[in-house]
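A short worksheet on the structure shown next.
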Amino acid sequence: MTRYVFITGGVVSSLGKGLASAALAAVLQARGYRVRMRKLDPYLNVDPGTMSPTQHGEVFVTDDGAETDLDLGHYERFTGVPASRADNITTGRIYQDIIAKERRGDYLGATIQVIPHVTNAIKDFVLDGNDSFDFVLVEIGGTVGDIEGLPFFEAIRQLGQELPRGTCCYVHLTLLPYIPSAGELKTKPTQHSVKELRSIGIQPDILLCRCDRPIPMDERRKLALFCNVRQTAVIEALDVASIYEVPLSYRTAGLDREVLGHFGLEHGEEPDLGRWQTIAERVRNPEGEVSIAIVGKYTGLKDAYKSLTEALTHGGISHRVKVNLEWIEAEVFEREDPAPFLEGLNGILVPGGFGQRGAEGKIRAARYAREKRIPYLGICFGMQMAVIEAARSLAGMPEANSTEFGETAEPVVGLLTEWLRGNELERRAAAGDLGGTMRLGAYEAKLDPESKIAQIYGSEQISERHRHRYEVNMAYRERLEAKGLRFSGVSPDGLLPETVEHVGHPWFIGVQFHPELKSRPFEPHPLFKGFVGAAIEQSRLV
């Protein structure tokens, strides 16, 4: 029998529902249960693909090409189970599907309403394809009281009535703020949040209380009394130094036991969290450290690069070192010399992105890394900027650029539908909307067996996730390779470049894909493990 755990949030946003859900899933996995995770996003966008990274954070891409919420990255990293398009849905996508059905006449002339049509669509999504799982954890985005979230709360309320008795559990994540002048944790915001939740028909079974100190017994009793839960169901979610300590913290607090008890399941043997303890110990007690610059355009919101920062942490864990990140806005390098910012650092990473803003700064960062022989990892846009830098500085093409920024005499980077045929720019197909030419999801690549990147992977065949609409122009391959920029990886048909590297440089690699999306704390991605290793070697030269 499949059991459902619905995770909601209250009091304030950004409490970490995604991490809480992923951590609970990890502990249940450690007990031997099969767990699936899903995310319901109340916003009206069809998906986050065209949303600003500075508002929404990163777009997490799945193997099947879905552009999803960054929380799915937490799910994958904590459980090791690849997510898919079937694990994330938005209000926008639900309305899009319902309106399409209405236009086709599928509803036979019925009046389309939020209840039952929208709520039924949400329930169908939650219940689909779960027969092989013991637990399905469903996170509802936003905060209780948000008007756009009401259809989702109504849908999970209905599921609580429609599913067999004892197969649903509602976990409510709230904040217990500490007021220094009063010298105590305040429970009133949580009481009001639960009151709001109960007003729409949902009685939480477990309170997961985010706090910076242990909850005194008096406050526990008060929360249990006024929120109508057992005292044992008031679980403290203490702040911890690393997100990889959260499963250990929840296990200590008894969250997994309370969930199992709610479903009438035996606790059985204690879960084996040995690997989580190893990870937490390595994060707490590194044997060294390196400093790596991230030269990006969305550095104002670190969540815009969430998978990237976690992948670097994984690389550090594998070497037992702490990775210190120096965030640098790429536009700064368009006005100032990069040297004062980059001197003394052990590696430079230029991540993915779109648009001309900051592009020249990223090109200057790539040049600095090449000339100073500092380890460089260029991801997606970062690879393209490294190719433009090589074309300008080494191959005698001072006007080399990307057609993303406008017409250019040397389009070394172009739209996937634009390629140079002779001296003419050929357009294979008319450009559509912003998503029309995007290359999304997992694609295979073959690596040059003599290349550094093939040695890093230990394989000549790889599969990685992509998210881009511009590509390095293969018409320039011969000229660039003559100057030492090896096209070390290509698509299986040989038509699209996937990786480049500077021959003779200690560690300078560009990849068109996003390796950070497949890195796990227990299985660091080879590129990030190699990059951090190269940074360690460079640190010994400083």
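Using the three backbone atoms N, Cα and C, a Cβ is placed for every residue, glycine included.
Taken from Swiss-Prot, the feature region 'Amidoligase domain' applies to 1-265. Per-residue confidence over the region 'Amidoligase domain' (1-265) averages out at a pLDDT of 95.
Among the features that Swiss-Prot reports, CTP binding site is placed at Ser13, Asp146, Ile147, Glu148, Lys186, Thr187, Lys188, Pro189, Thr190, Gln191, Lys222, with the record citing sequence analysis. If you take the C-beta of Lys186 (CTP binding site) and look for same-chain residues 6 or more apart in sequence within under 8 angstroms, you find Leu176, Pro177, Tyr178, Ile179.
The Cβ neighbour count for Gly353 (L-glutamine binding site), using a 10 Å radius over every protein chain in view, is 22. Under the heading L-glutamine binding site, Swiss-Prot lists Gly353, Phe381, Gly382, Met383, Gln384, Glu404, Arg469.
Look at Swiss-Prot and you will find His514 (among others) tagged as active site. Using a 10 Å radius centred on the Cβ of His514 (active site) and all shown protein chains, the other Cβ atoms total 23.
Positions annotated as active site by Swiss-Prot: Glu516 (among others). Under DSSP, Glu516 (active site) is assigned to a helix (H, G or I) in the three-state scheme.
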Residues satisfying Cβ distance under 8 Å from Glu404 (L-glutamine binding site), sequence separation of at least 6: Phe354, Gly355, Gln356, Val413, Leu415, Tyr470
Pairwise C-alpha maximum, in angstrom, for the residues (Ser13, Asp146, Ile147, Glu148, Lys186, Thr187, Lys188, Pro189, Thr190, Gln191, Lys222) that bind CTP according to the record: 31
Lys188 (CTP binding site), number of other Cβ atoms within 10 Å: 12
Residue, out of the binding-site residues Ile147, Met383, whose Cβ gathers the largest set of other Cβ atoms within 10 Å: Met383
Binding-site residues (Gly382, Gln384), the one with most neighbouring Cβ atoms at 10 Å: Gln384
